[in-house]
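These notes concern the structure reproduced below.
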Amino acid sequence: MTSQYAYAALNATNVQAVNDAEASCYDEETEAGGRPSRSCCRSNILSRVKDVVQSNIGLLLIVASQAFMSFMNVSVKKLNSLDTPVPTLELVLVRMLITYMCCMSYMLLRGVEDPWIGPKGVRLLLVLRGVTGFFGLFGLYYSLRYLSLSDAVVLTFLSPLTTAISGSCLLGETFTKREALAGVLSLSGVILIARPAFLFGGTSINEGSATESSQRLIAVGIALLGVLGATGAYTTLRAIGKRAHPLHAMTSFSAQCVVVSIIGLVATQTKLVFPSKIEWLLLLLLIGVFGFIAQVLLTMGLQRETASRGSLGIYTQIVFAGILERIFFHTAPSVLSAIGTIIIITSALYVVLTKETTSTSKPIALEHIDDTSMEEGLLARSEGLSVGAIGHISVDDFMVGVASPSMKRAPSPRPRDDATGLLGNKELSVEKSVLEEK
């Protein structure tokens with residue numbers, strides 16, 4: 001029996017199992033007097049929820065990363081309230097050093113290939129991700145020295161829109177009108193929550209009155225540089241895709257941040273602040289742990305989502321920040337903050353529920369697909385089965401396996417069976433013409 005017959009038999013068995021399950025559910029409904037049984041209803045609900053989760057797994061990972069990022073920010077604020085404020089470069093150094101140690105330890109223990117410099121073909125992209133990511137962090141932390149928190153936040157949230165544009169221009173990703181509308185609405189929600197002084201007037205919280213206008217302009221310029229850095233980091237992650245382990249990107253990012261932070265501390269002769277309380281040390285550790293988890297989830301999410309949809313999930317950080325600020329600092333959100341939160345959540349739900357089912361990924365070159373893979377797909381279609389059912393391999397995994405050089409299947413001889421019509425392209429064309437003549 002050829003491999004095609006084996007696939008067909010396996011898929012026929014799977015289809016029969018599905019039919020048996022449906023028949024069993026129908027029998028239960030009949031016994032209940034034509035009304036759906038509770039078990040069938042629960043099964044249908046769970047099945048639909050599972051489909052929604054699988055369809056938006058990348059976006060959900062990004063949202064989860066923003067929750068951990070908010071916990072990290074709470075730890076930073078608590079740390080600054082306990083003792084002498086920690087210099088920015090020292091905070092980046094400690095956080096990214098913990099991240100680097102966690103990433104490298106995991107990869108060495110799990111036997112991940114090329115843990116130090118990453119797999120071939122993406123090493124330059126990994127370096128680019130680390131460099132651009134550092135500029136993103138540097139722009140944010142530097143702007144916080146001269147800008148209020150609300151002004152700095154609203155500037156950093158320009159990166160999702162710029163990322164969507166760069167993903168469309170550089171990666172050829174689809175940027176629909178729906179996503180553009182959701183992005184603009186989300187940005188308006190962020191502005192309502194942050195309420196920057198240069199839009200709403202007055203003096204923002206934590207903004208010193210002695211701040212000179214020249215320093216403010218420089219801070220805004222550096223913040224915009226950070227926006228470009230974050231845009232480059234997010235777009236580079238999409239270009240890397242699944243060709244590298246998520247921790248490869250994290251290791252490169254954290255290592256370069258550690259090196260540059262040390263150079264910055266030495267160059268500026270910044271004095272380090274050492275812990276004087278157990279709470280100080282605990283919060284510093286939590287900053288590193290929360291930051292590590294957030295970055296891993298963010299990397300995994302951006303590898304599974306388009307740049308435009310994935311970047312929209314980053315807006316949810318302002319929602320988590322408002323909730324945690326109420327819990328830990330007892331600050332109630334204003335009416336404008338509540339309106340902005342509703343706008344952000346509504347936009348995110350709109351993107352999730354209106355996601356197109358058609359593939360939006362880059363086209364796969366046909367020369368990378370051998371005739372055997374094409375014939376297996378034709379066999380599945382002729383049997384009325386989906387390609388994703390073959391060997392329990394999903395369509396996404398199948399496409400990634402074809403496109404990724406590291407996951408390329410070993411070449412196999414092309415099977416030929418005249419009785420089943422599994423022929424090469426030339427023989428198939430000849431047989432088709434003969435049938436048309438008849």
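Just so it is clear, glycine is given a Cβ too, placed from its N, Cα and C backbone atoms.
What you are looking at is a predicted structure, and each value in this text was computed from that prediction instead of being measured.
Taken from TrEMBL, the feature compositional bias 'Basic and acidic residues' applies to 428-438.
According to TrEMBL, the domain 'EamA' annotation covers 57-194 (among others).
Among the features that TrEMBL reports, domain 'EamA' is placed at 221-352 (among others).
Residues or ranges marked as region 'Disordered' in TrEMBL: 405-438.
What TrEMBL records for 52-72 (among others) is transmembrane segment. Within its own chain, the transmembrane segment (52-72) is flanked in space by residues 95, 286-287, 290-291, 293-298, 300-305, 309-310, 312-314, 316-317, 320-321, 323-324, 348, 351-352, 355, 357, which lie at least six positions past its ends and keep a Cβ under 8 Å from the stretch.
The transmembrane segment feature in TrEMBL is assigned to 92-109 (among others).
Look at TrEMBL and you will find 121-142 (among others) tagged as transmembrane segment. Same-chain neighbours of the transmembrane segment (121-142): 88, 91-92, 152, 156, 159, 219, 222-233, 236-237, 239-240, 243-244, 248-249, 252-253, 255-257, 260, 405-406, counting only residues six or more beyond its ends whose CB sits under 8 Å from a CB of the stretch.
Sequence-distant contacts of the transmembrane segment (154-172) (same chain, at least 6 residues past either end, Cβ-Cβ under 8 Å): 136, 139-140, 143, 147, 179-180, 183-184, 186-187, 190-191, 194, 196, 220, 223-224, 226-228, 230-232, 234-235, 238-239, 306-308, 311-312, 314-315, 318, 362. The feature transmembrane segment is assigned by TrEMBL to 154-172 (among others).
According to TrEMBL, the feature transmembrane segment maps to 184-205 (among others).
According to TrEMBL, the feature transmembrane segment maps to 217-237 (among others). If you look at the transmembrane segment (217-237), the same-chain residues 6 or more away from its ends with a CB under 8 A from one of its CBs are 125, 128-129, 132-140, 142-143, 145-147, 152, 155-156, 158-159, 162-163, 166-167, 170-171, 249, 253, 299, 302-303, 307, 310-311.
Residues annotated as transmembrane segment in TrEMBL: 249-268 (among others).
Here TrEMBL flags 280-300 (among others) as transmembrane segment.
The transmembrane segment feature in TrEMBL is assigned to 312-329 (among others).
Taken from TrEMBL, the feature transmembrane segment applies to 335-353 (among others).
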Between the transmembrane segment (92-109) and the transmembrane segment (280-300), are there three or more C-beta pairs closer than 8 Å, counting only pairs 6 or more apart along the chain?
yes
